[in-house]
Amino acid sequence: MRCKLRKLYFLKRNKICDLSLALAIIGLIFVILDQGFNKLTAIKIVTKNSFPSLFLRSACVVSTFLLITSLVNYHRTEVKIALIDSGAEDWRVAVTTDRIIKLFIEIFVCAICPFPGSGTITWPYISADEHRFTQVSVPLDVLLAVPMFLRAYLLCRFMVLHSRQFQDAATRSIAALNRISMDFRFVIKTMMADHPMTVLIIFTCCYWICMSWMFTQCERYNGLESSTEYYYMNSLWFIMVTFMSIGYGDVVPNSYCGRLLSITTGIVGAGVSSALIAVISKKLELSRAEKHVNNFMADSKLTNARKNAAASVLQHTWFIHKYQQRNGHKGDEIRLRQHQRKFLNSINEFRRIKWDQRKLQERGNSLLDVGKLHTEMHETLWEMHRTQDQFVGMIEILTQRITELQQTILNTSNIQQQQQK
């Protein structure tokens, strides 16, 4: 009964997670559309108090309220699962301090959203051309819209709950026995091990799109009535070159919000670039079979070179002996010195080739497959056990024959004693 109830709560938790992610995405869509109307406000087509803008912000508030309710329900379901796992009756046993802090942090992050009648604020605008600070009026919706992308942590939770590792009960059991937590770090490591390039490309593209939109909102309001400097494509260009640590300087952030996003983009880009270099290096690395092929070819080449060097040593030894036996002609003396030099060079070449073969052998020993050694050791132990069992069987048969022989001797001696009587 407990296992069935636990399975039902697992399915319910997955559905609540799906609903939370859907509400978060819907809220982001409302905010993006509202900021699009804000751009129309800048050119006096749609005002802040118009019906489309008020409707979108009201819908965003409603979706945020539903999202917070869904988060509370999610943690409530997790508490019930913890009660089933621990076998406790009181719900306060499963409500820990960490869980409460986590719930309040999630509510705080997801509660940030634009609302109707939010008004405007002023923040400094740094003019790159005039090198001076000016105070510009910026809608509060911008300040509230940018942090809404922190809701992306719900996507991480969705990936964990719907991952192949988490849904498989056998995998969860093996992970629990090995004290491995089925969290996002484990799931993303598994995905990076299986499909590294796909994960990096998808993450990079999504990061560029989201960060470009946030950068556009931060840099759009510069106090000019008809500014077209920070269109979305310019922001995308700036984020891409900053992500790759290039920075041509044609687009410069003029607000502290834009500069903060630029710093974040540079840090994330450095991390992704390092991961990409590691993945490419791993792809370029030779496999074990390819290394064995190269070692075999190198060993064959060195073996032939060693034979040629040994033959050269013997050849020049014979020439030295030949010219030493002659009666000192001037030409023979020159040839003798020449073959002596070649003889020494052949000896050095032979030693060098021998040293290269030793290094190649050491490098080949490092390529020994541990699994193969384990298999060979297991086969050897199995053969020893089989031989031992054969010896035990033979000893038992020998003991039985000795017992029969003793019994036969005793019977024979008894018969002889009876005949003598």
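Glycine residues also receive a Cβ, built from the backbone N, Cα and C atoms like all the rest.
Look at TrEMBL and you will find 16-33 (among others) tagged as transmembrane segment. Through the fold, the transmembrane segment (16-33) approaches residues 56-57, 59-60, 63-64, 66-67, 70-71, 73-74, 77, 110, 113-114, 141, 145, 148-149, 151, 154-155, 157-158, 161, 213 of its own chain, all at least 6 residues removed from its boundaries and within a Cβ separation under 8 Å.
Annotated transmembrane segment per TrEMBL: 53-74 (among others), in sequence order. Distant neighbours of the transmembrane segment (53-74): 13, 16-17, 19-20, 23-24, 26-27, 30-31, 33-34, 37-38, 41, 46-47, 103, 106-107, 110-111, 113-116, 118, 141, 151; these residues of the same chain sit at least 6 beyond its ends, with a Cβ under 8 Å from one of its Cβ atoms.
Here TrEMBL flags 103-126 (among others) as transmembrane segment. Outside the transmembrane segment (103-126) by six or more residues, the chain places 24, 27, 31, 34, 54, 57-58, 60-61, 64, 67-68, 71-72, 75, 132-141, 143-145, 147-148, 150-151, 153, 221-223, 254-257 with a CB less than 8 A from a CB of the stretch.
What TrEMBL lists as transmembrane segment is 138-156 (among others).
Sequence-distant contacts of the transmembrane segment (197-215) (same chain, six or more residues past either end, CB-CB distance under 8 Å): 32, 146, 149, 152, 188, 191, 230, 232, 235-236, 238-240, 243, 253, 258, 261-262, 264-265, 268, 272, 275-276, 279. Annotation comment: TrEMBL describes 197-215 (among others) as transmembrane segment.
The annotation transmembrane segment is assigned in TrEMBL to 230-248 (among others).
According to TrEMBL, the feature transmembrane segment maps to 260-280 (among others).
The domain 'Calmodulin-binding' annotation in TrEMBL covers 299-376. As a whole-number mean, the pLDDT of the domain 'Calmodulin-binding' (299-376) in this prediction is 81.
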Quiz item: Looking only at residues six or more beyond either end of the transmembrane segment (230-248), which have a C-beta under 8 A from one in the stretch?
Solution: 204, 207-209, 211-213, 215-216, 219-220, 222, 262, 265-266, 268-270, 272-273
Self-check item: Outside the transmembrane segment (138-156), six or more residues from its ends: residues with CB under 8 Å to it
Solution: 17, 20-21, 24, 27-28, 31, 34-35, 38, 48, 57, 67, 106, 109-110, 112-115, 118-123, 184, 210, 214, 217-218, 220-221, 257
Quiz item: With DSSP, how much of the domain 'Calmodulin-binding' (299-376) is helix, how much strand and how much coil, in residues?
Solution: 70 helix, 0 strand, 8 coil
